Structure formats: C-alpha cells, structure tokens
Amino acid sequence: MGSSTSTISVLLFLGLVQFAVSGHDYKQALSKSILFFEAQRSGHLPPNQRVSWRSHSGLNDGKSSGVDLVGGYYDAGDNVKFGLPMAFTVTTMCWSIIEYGGQLESNGELGNAIDAVKWGTDYFIKAHPEPNVLYGEVGDGKSDHYCWQRPEEMTTDRRAYRIDRNNPGSDLAGETAAAMAAASIVFRRSDPSYSTELLRHAHELFEFADKYRGKYDSSISVAQKYYGSVSGYNDELLWAAAWLYQATNDKYYLDYLGKNGDSMGGTGWSMREFGWDVKYAGVQTLVAKILMQGKAGEHTGVFERYQEKAEQFMCSMLGKSTKNIQKTPGGLIFRQRWNNMQFVTSASFLAAVYSDYLSSSKRNLRCSQGNMSPSQLLAFSKSQVDYILGNNPRGTSYMVGYGHNYPRQVHHRGSSIVSFKVDQKFVTCRGGYAKWYSRKASDPNVLTGALVGGPDAYDNFADNRDNYEQTEPTTYNNAPLLGVLARLISGSTGFDQLLPGVSPTPSPVIIKPAPAPKRKPTTPPASSPSPITISQKMTSSWKNEGKVFSSKGWIFRTPRREALTDEEFEELKESSLGVFIKFKEQDLVGLQGWFTTCSFAGH
C-alpha cells in the first residue's frame with residue numbers, strides 16, 4: 001500500500017512538473033487572439049466570416065464626404081474608426097508576421113493573420129484617395145459614447161475627418177505609411193501587385209507626413225480626448241522611415257534615420273513604453289536590428305546610440321537598469337490604470353524579437369547592472385503572456401474565451417447586446433444603456449480572443465461592464481500578442497532573424513526585401529547628356545541654439561512637354577537622391593521644376 005501511494009505521488013509530481021513546463025496552450029490562445037479581429041470588422045463582412053454574431057455595419061461611411069470609407073476596424077468597445085491606433089494595429093500585426101510568419105504558418109494561422117492585415121490595408125487605400133489627403137477618423141467619440149448600440153444599427157454621427165496639406169497630421173500619415181510599408185513586405189510574394197500598390201501609398205504618405213508637418217489632433221480635434229498625440233510626430237516619421245527601409249532597402253531612408261536620429265529624439269529618449277502614441281522603443285529596436293545586420297554604414301555611430309536606448313528599454317523590463325519599469329506584485333508590467341494591457345503586449349513583443357536578434361548575433365544584453373542572456377529576455381516575455389493567460393494572483397485569464405475564469409461582462413457594445421441576427425428589434429441610443437449596458441449578467445456574445453484592459457497596480461480586477469478601464473478590449477492590445485504567442489509556441493529555441501550570414505526561413509508568403517540596387521555616385525553631374533537636368537538648391541536656413549542649419553533640395557527639369565522615355569524614367573529612378581517617389585504615368589508628362597526637399601543636419 002505504501003509502495004502504491006509513493007508511486008502515485010511520484011506520478012502526480014511528474015504531472016505537475018509537466019504542467020509547469022508546458023504551461024499554457026499558446027496555440028489555442030493564438031487562434032483566439034486572431035479571431036478577435038473579425039469581431040472588430042466594419043463594413044461588408046465576407047462569406048468566410050467566423051464571428052457569426054456580427055453582421056454588416058458602417059455601410060455609408062464616407063458617403064457624405066464623397067469618398068468610400070466602408071471597412072476598417074472599430075478600435076475598441078465603441079463604433080468609431082480611429083485612424084492612428086488602427087494603423088499602429090496593422091503595423092504591429094505585420095511585424096508579427098514578418099518575424100514569425102513561419103511559426104504562424106506551421107500552426108495554421110498565417111492565412112487568418114494576413115486576412116486581418118488586409119482588412120486594414122484595404123481600408124487605408126480607400127482613406128488615402130490623393131497623395132496629400134488621408135482620412136483619419138469616421139464618427140466621433142463624443143456622440144458615439146453617448147449611445148450604447150450595436151454597430152449594425154448605430155444612429156450616431158458618421159462624419160469623416162481628414163488631414164491634408166493645409167491641415168497636416170505627420171503622426172497619422174507617418175504611422176499609416178509605416179503600416180503600408182510593413183504590409184508590402186507581408187504581401188510581396190503572395191500578391192506582388194498588391195504589395196506594389198501598398199508601397200506606393202507608403203512612399204506618398206511618408207512624403208506627405210515629412211513635407212507638411214503638424215500634429216494630426218490639431219487638424220482632427222475630435223480625436224484629442226481619445227487618441228491625442230502626446231508624443232508629437234517625430235517618432236512616427238522615424239518609425240515610417242525604418243519600415244520603408246525594411247521594405248525597400250533604399251538608402252534614402254537609411255540616411256533619414258541616420259541624419260535625423262539625434263534631432264528627432266530617436267537616440268535621445270530612454271523609453272518605458274511602446275504603443276499607438278509613442279513609437280521610439282519600436283524605432284530603436286528596428287534600427288538596432290539594422291545595425292546588427294551590418295547595414296548601418298556611415299551611420300554606425302548614430303545607430304549605436306539608437307541601440308543603446310533600445311537596450312535600456314529591455315534592461316528596464318528585466319529590472320536591470322538605473323530606472324526600471326514598474327510592475328505589479330504579481331509581476332505584470334504596469335504603466336497606467338486605463339487599458340494597461342496594451343503596454344504589456346507591446347513590450348513583450350519587443351522583448352521576444354530582441355532576444356532573437358541577440359541570439360542571431362551571438363551576444364548578450366548589456367545592462368548597467370550586468371549582462372543578461374537572450375533566453376532571460378525571452379523568459380520575461382513568456383512571464384507576461386503567462387500572467388495574461390492566468391498565472392496571476394487572481395487566477396484570471398484576461399483573454400476572453402481562454403481558460404475558465406475570464407471576463408464575462410466586457411465593455412463592448414457588440415458583445416454585450418443580443419446579436420442582430422438573433423433579434424433585430426431596434427436598440428435605441430439611450431435604450432441600449434438602460435437594457436444592456438447596466439445588465440449584471442454575462443455578455444450574450446462571447447468576444448473570443450479579446451484582451452481586456454487588465455488589472456490595476458495591485459493585481460486587482462473587477463469584471464463589470466461599466467469598468468471600462470479594465471474590461472474594455474482594443475485591437476492594439478491583440479496585435480503584438482500575435483507575434484509573441486507564435487514565438488512562444490516554438491519554445492526556448494533561438495531563431496535567426498536575417499542577421500549577417502543567416503538565411504531566412506522559407507515561406508510561401510513571408511519574404512524579406514531584396515538588396516537595394518546599386519546607386520549612381522551621390523554627386524550629380526553638372527550636365528547631363530539626356531534632356532533631364534539635376535541641380536541642387538538651398539531652400540531655407542534657420543538658427544537653433546547659436547547654430548545655423550540649412551535645408552537643401554534637388555531640382556529635376558526636363559525641357560519637353562511630352563512624356564519621359566523609358567530610359568529617362570529609369571535615370572530619374574536611379575538618380576543621386578537615393579530615393580524614388582513613385583508617380584502615375586500621367587504625372588510624368590511635362591515634368592518641369594519637380595522639387596523635393598531633403599534636410600541636412602549641417603551648419
């Protein structure tokens with residue numbers, strides 16, 4: 001009897017050890033986290049829509065402005081389409097696919113992830129009808145929050161808001177350029193023509209953002225209360241340049257990062273967060289990757305300063321910096337009361353990818369309090385995901401539909417009201433609050449995969465629908481989680497992430513940029529045998545802290561009115577600027593005095 005008892009005890013112990021090792025079902029969590037995006041879709045839902053309780057919505061979006069803005073995503077538990085967080089959502093989804101597309105594919109989720117990206121980029125194409133016009137919001141938070149209605153029958157104002165050259169928004173245009181550039185990498189092999197179209201929009205949006213500078217919430221003031229641009233636009237300009245370099249290998253964008261890193265804060269800010277507003281930590285991580293790939297060239301010194309800040313961010317997560325990120329008693333990153341989980345997933349993603357960058361370059365993380373191995377950084381990322389999925393003082397899964405103890409009263413209009421397909425009785429604006437919002441019962445529709453705002457600084461959480469700070473989900477909570485979960489499914493094995501001498505993992509969809517074509521000498525000739533002439537001109541100068549800075553530009557001229565020949569067109573593409581802004585064919589007819597400005601940090 002004693003022997004049998006001992007045997008049972010040993011087996012039980014081994015079972016517990018196995019649970020501790022295997023932990024959570026990351027594959028199930030990955031599938032659910034991607035499914036959430038289908039619940040957030042606006043527009044005409046496709047036949048393969050898997051979230052069956054949703055239906056078509058926002059079918060007249062943009063109509064009053066004479067533009068088709070049907071589609072895109074609702075950002076959270078409301079029915080507004082906010083452009084800035086939507087673009088960040090798409091960018092980080094793309095980054096997840098670019099880094100871990102092979103893992104997504106092997107777990108049967110690559111197609112769903114790509115579909116989620118395309119739902120966003122199709123909308124951005126519509127929202128960018130002209131080079132210097134971008135629609136950045138449909139609906140407004142004030143009127144939307146006054147009502148509690150299903151998106152299928154909302155009666156709130158669906159006015160569209162835009163930025164243009166007279167009402168700029170460099171942060172919004174820059175983030176959208178980043179999203180389109182990153183997405184062009186995702187679609188490069190599976191849909192080359194679509195990839196090319198996305199890259200064209202990315203080029204135009206970056207030029208728009210850089211040339212007409214300003215904060216988008218000064219032009220779209222209705223966004224200030226909900227998605228105000230606190231960090232300004234310099235981080236988005238660097239972020240967009242980093243992604244355009246990843247997508248094109250064009251030295252122009254490498255130079256942009258090198259020449260503007262100091263003045264735009266890329267090398268100066270030591271960050272404690274990464275999210276839809278503040279992109280510096282993401283920029284620093286991407287630039288550090290470029291440095292470790294050996295591509296920094298003459299910008300090595302500047303890129304090393306980017307990397308120093310990236311590593312300070314990583315060290316602060318591990319508690320090994322001079323100023324560390326705050327954590328709850330249970331070990332969760334804590335940044336703010338409202339929707340803190342957005343910072344948890346984004347930081348966890350950066351930790352995961354940077355651990356692989358370090359492994360690929362065979363080096364450790366350099367912290368002020370000692371070096372840390374890549375595996376320690378990945379282990380931290382895992383600890384955050386495990387907390388999300390239930391390894392926390394409450395034993396609560398903060399992903400809806402995962403595990404047994406997850407939020408049942410989510411702050412979300414669509415999930416909290418009976419499905420339109422089940423009961424089409426009209427839910428009035430205020431009636432929705434009276435009948436559904438205040439209802440102390442589980443949601444009639446399970447918002448599977450949604451990652452809610454999460455606990456407070458002391459690991460406390462209240463599962464109440466009116467507790468929007470903790471129970472409201474957002475798309476940008478989930479987007480970086482895709483990559484982290486895909487990475488964790490593969491365990492502690494290190495991945496080579498296209499660092500020097502490393503080949504990419506074969507994939508039918510994911511492909512990295514090909515090497516950039518060789519450029520002609522950087523000094524333009526005084527004269528050209530072709531009808532095109534190229535000259536340089538100082539456009540403006542200014543003083544700052546006693547130093548005089550100048551802005552210089554290149555001027556391209558052709559004396560003819562007819563279209564450029566193919567040879568001339570190729571010469572323009574390969575010009576000494578080191579950058580090619582794509583034109584429509586008709587724009588090349590009568591090209592005279594076309595001008596673009598490149599700023600130099602000289603004095």
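Even glycines carry a Cβ here, placed using N, Cα and C.
Curation plays no part in TrEMBL annotations; they are all automatic predictions.
The stretch that TrEMBL tags with region 'Disordered', taken from the ranges 51-72, 403-424, 513-534, is 513-534. Here ASP463 (active site) is positioned 9 angstrom away from HIS411 (active site), judged by their C-alpha atoms. Of the recorded residues, GLU472 (active site) and ASP463 (active site) place their C-alpha atoms 10 Å from one another. In the structure shown, across all protein chains, GLU472 is the one of the active-site residues ASP463, GLU472 with the greatest number of other Cβ atoms within 10 Å. Within 10 Å of the C-beta atom of HIS411 (active site) sit 24 other C-beta atoms, taking all shown protein chains into account.
Across the residues of the domain 'Glycoside hydrolase family 9' (26-485), the predicted structure has a mean pLDDT of 97.
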